[in-house]
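J.: Supplied in structure tokens, the structure appears directly below.
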Amino acid sequence: MIFAIISSILTALSMPGFLWGGIVWFSLIFLFKSMENRKLSFLYAFLYEYLLIFISMYWVIPILTKNLPEFFGKFSSVTGFFVYLLLCLVEAIPFLLFGALYSYFIDRIKGDIPKALFVSSAFTFSEFLRGIGELGFTGIRLSDALYKDIGIIQIASITGTLGIVFLIVFINYILYIKKSKIQVIIITISFIYLANWIVSTNLPLNSANVPIVAVQTNYEQQVKYTSKIEKIMYNIENLIANTPNNYLHILPEAVFATEDIRNSQLEEKLKNISKRKPIILGFPTYDLQPKNSALVYANGNLVGKYDKIKLFPFVEFLPYEKFFKKFEFLKGVAYFTPGDEFKTFKIDGFPEFGIQICFESYFPEISRNLSNNGAKVLFVITNDGWYKHDTALWQHFSKIVFRAIENQRYVVQVSNTGISGVVDNFGRIQKILPLRNQTTGILNISVKNTRTFYQKFGDWFSILSILLTLLIPLLYKDIRKNRI
């Protein structure tokens, strides 16, 4: 058990906002060591993932035990902590499958390489399962550790992040099965980063010549939810008073946190501003059904709105209602209805663009569908004002690095408190604004129309991982075991 715990801690330290991403190349060795106890392999795999999520997402604890209970007053701190434990449990459940597959098949496969391929495939398949369904979440994926290692992660344009997960697990298992000494591990990692350097230094340079304005509002949640919307509008007007005209201005999600300002005097102000400064901003819209929306204003008109498709479980919608009805107390402002259209926008002077709202940047299918529908650049608007720890902000921002590579698109994120910044089509962070500051900044983007393999075929690597998991035990059966 101690080895599984060590593995969880090391992997957590490799995540964005912690220590160093390179730790992920050897952090799983201890997990495989613990799984030498075949009868308990499934429990150790589960424990590994549970503790990894628990440690890496520690910043959720004060939200559930302090911020939300104090703000909405619907549940206690103790209840909030229990909910966090339950969320970690849900995230770890798919790894019971990985542990069970490992326990049953690993000794029945002949050859180190086939074993490594099997383990990598089974792990990747379990990771894929963790990201689907109404409770799906792709945070704290092994690939996240490498968001700064631009050369290595270019394979995401072909395989998506699942291919990176596969590679990480493969290297870890080879180091484990060969009983590698520290010197071998150091040499292996050195070669990996040499390859990373060679690829990253040979990536083409871009000429980003389309400027946009990121507006980082930096409102405390108390201000967003309790201040008069007229005051918020006044602050926005002052914030962008001296920004360049004719530049697209991007504001965060839920600028007006609770009210739909359409058909109001405030919207008229927005329309007037948009005659000089096109604007994207978020606020809830209430038509037949409530939706979390991003709205685009230009030339004095409302161009259109994008409705968030991937809603945040429990806060924005109630997943699997029959099972989780009792967790309705976690509801935020309202339960929203998901959007059903991957809508893109085109306004004069700017390339066609797609918008993602907050949590959606965790899910590659959103940006992929927007790109397939014609988006030449991708925008992410988010709040992130609940998070008091910068670790949370880096974990969120790191996701746009992979979305950029997968689709070969520039991606801009604009957050209430930060991180607001731009990533180029190779995942290189070009510029970020100061965190937790009310500020504006000019970010330069470039128009890209490339179609990547991943953009065309999506998460095909999940299918490959399933096939390898099923076929390798059959093709490389160790007849000496005489068990299959």
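Here the Cβ of each residue, glycine as well, is placed from N, Cα and C on the backbone.
The domain 'CN hydrolase' annotation in TrEMBL covers 215-449. Per TrEMBL, transmembrane segment is recorded for 6-30, 42-61, 81-104, 116-132, 152-175, 182-199, 457-476.
Have a look at these and tell me how they're positioned relative to everything else.
T.: Within its own chain, the transmembrane segment (6-30) is flanked in space by residues 47-52, 55-56, 140, 142, 144-149, 168-169, 171-173, 175-176, 185, 188-189, 192-193, 389-395, 397-398, which lie at least six positions past its ends and keep a Cβ under 8 Å from the stretch.
Remote same-chain partners of the transmembrane segment (116-132), defined as residues 6 or more beyond its termini with a Cβ less than 8 Å from a stretch Cβ, comprise 32, 91, 94-95, 97-98, 101-102, 105-106, 109, 138, 141-142, 162, 165-167, 169-170, 173-174, 177, 363, 459, 461-462, 464-466, 468-469, 472-473.
The list of residues near the transmembrane segment (182-199) in space but at least 6 beyond its ends in sequence, with Cβ under 8 angstroms from a Cβ of it, reads 22, 25-26, 149-152, 154, 171, 175.
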J.: Which sequence-distant residues neighbour the transmembrane segment (152-175)? Criterion: at least 6 residues beyond either end, Cβ under 8 Å.
T.: 24-29, 32, 112, 115-117, 119-121, 123-124, 127-128, 138, 141-143, 145-146, 184-185, 188, 192, 195-196, 199, 203, 364, 401-402, 405-406, 408, 426-427, 452-454, 458-462, 465
J.: Please compute the mean pLDDT of the model over the domain 'CN hydrolase' (215-449).
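T.: Summing pLDDT over the domain 'CN hydrolase' (215-449) and dividing by its length gives 95.
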